[in-house]
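Now, the feature entries from TrEMBL:
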type	residues	note
DNA_BIND	A:31-50	DNA-binding region
DOMAIN	A:8-68	domain 'HTH tetR-type'
Protein chains: 2
Amino acid sequence: MTREEQRAATRRALLAEGRRRFAADGYHDVVLADVARAVGVTKGAAYHHFEGKGGLFRAVVAQVQQELGERVARAADAHRDPWDQLRAGCHAFLAAGRDPDVRRILLVDAPAVLGWDEWRAMDEDSSARHLSEVLTTLVEAGVVPDQPVEPLARLLSGAMNEAALWLARDPDPQASEQAERALDGLLDGLRVRER
Amino acid sequence: MTREEQRAATRRALLAEGRRRFAADGYHDVVLADVARAVGVTKGAAYHHFEGKGGLFRAVVAQVQQELGERVARAADAHRDPWDQLRAGCHAFLAAGRDPDVRRILLVDAPAVLGWDEWRAMDEDSSARHLSEVLTTLVEAGVVPDQPVEPLARLLSGAMNEAALWLARDPDPQASEQAERALDGLLDGLRVRER
DNA sequence: TAGTTCACATACCTTGGGTATGTGAAACTC
DNA sequence: GAGTTTCACATACCCAAGGTATGTGAACTA
């Protein structure tokens, strides 16, 4: 194995093991040396690849964020109508929230560990941006009343974060159904009134 | 000063100083011994009154939660119409979110430090309960379509949490206004369509 | 093949949460 | 009011864990 391959492999392994543990135990209860040992290296390797425990966590967050963004985008892109895209994207986000990685890492620990500002910025780069884009399209198409899009996107983003956390806690399929229905009701309320 | 008075005074001082620092620096960066020293006691006193750093934080969270709940309830109780109560309560919550104590302690750190389940339970005991109650009233009055109230309350609660975080970061009064308008739009969308 | 790079390992430091125990003044008992 | 108990802390210590400084040997380069 070439040195570059070895390096990449170690980095990948640390990232994967870190992700597993951050999701299972939460940031605080993860011991960096244990992560390294589980991968067959020492703490020194972890510090060589990432800037300490926080750096590893940041890299994991970026990875999970990106995957989430892609999932949401794929679900939305399956539709042509912007309104259907919004609904599909939102439902995909809710479904993703049941993933324990997303739940614990992105929604619970990331804001506290990275600081809310940095978390916000990373979120903006992945899934939140899609939401603003679709809303902008809908406003321009006259489906949603003309208004600043950003505050609306924040509200919806927060609503979905919370719903995802709730769903992950309550495995009852009825809860998912109810949450999706409530979300649809909230979204439908945004449309211009037809009279 | 009697012993009971002394005890109460020390506890109050620790609680106040802890709250100050948790809000300013975040849970992780607060050193328990420093909190104690600032109050003129040692770490031992802090452990005597609370169960360690986490216990002090929990007590602070409970205090801030309660104050928030009271603020929201007071704002709502100024109105007789349930719909006005809902709006007033929501606006009061947004305003409270600008308070750095609420922002950092309740919204950012508490879920990660206490765990989401415990945080949820505490939130339920204070402000979230009011929201569910008003929504139930509105559903019964036919102002809001008949539906399970709990998921809706979660969605709104999440939306407002996020909006509050956003407002606290952006001191521009225009941002507040936009956020309130967007929230009103979201709430209005919940009403049954009159035709 | 000699020299350089670098992906780690090893050893050590330091901070800070937690604990076990001591102490002196207030409260209580007789 | 002297002795005893209680208790609100102080003191001293432990140790887990993050961070750092430095060593090392295999891979790369000239």
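Every residue, even glycine, has its Cβ placed from backbone N, Cα and C.
Unlike curated records, TrEMBL annotations are generated automatically.
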For the DNA-binding region (A:31-50), the mean pLDDT of the predicted model: 98
Who are the chain neighbours of the DNA-binding region (A:31-50) in space, where the CB to CB distance is under 8 Å and they lie at least 6 residues beyond its ends? 7, 10-11, 13-14, 17-18, 21, 56, 58-59
From the DSSP assignment alone, can you count helix, strand and coil residues within the DNA-binding region (A:31-50)? 15 helix, 0 strand, 5 coil
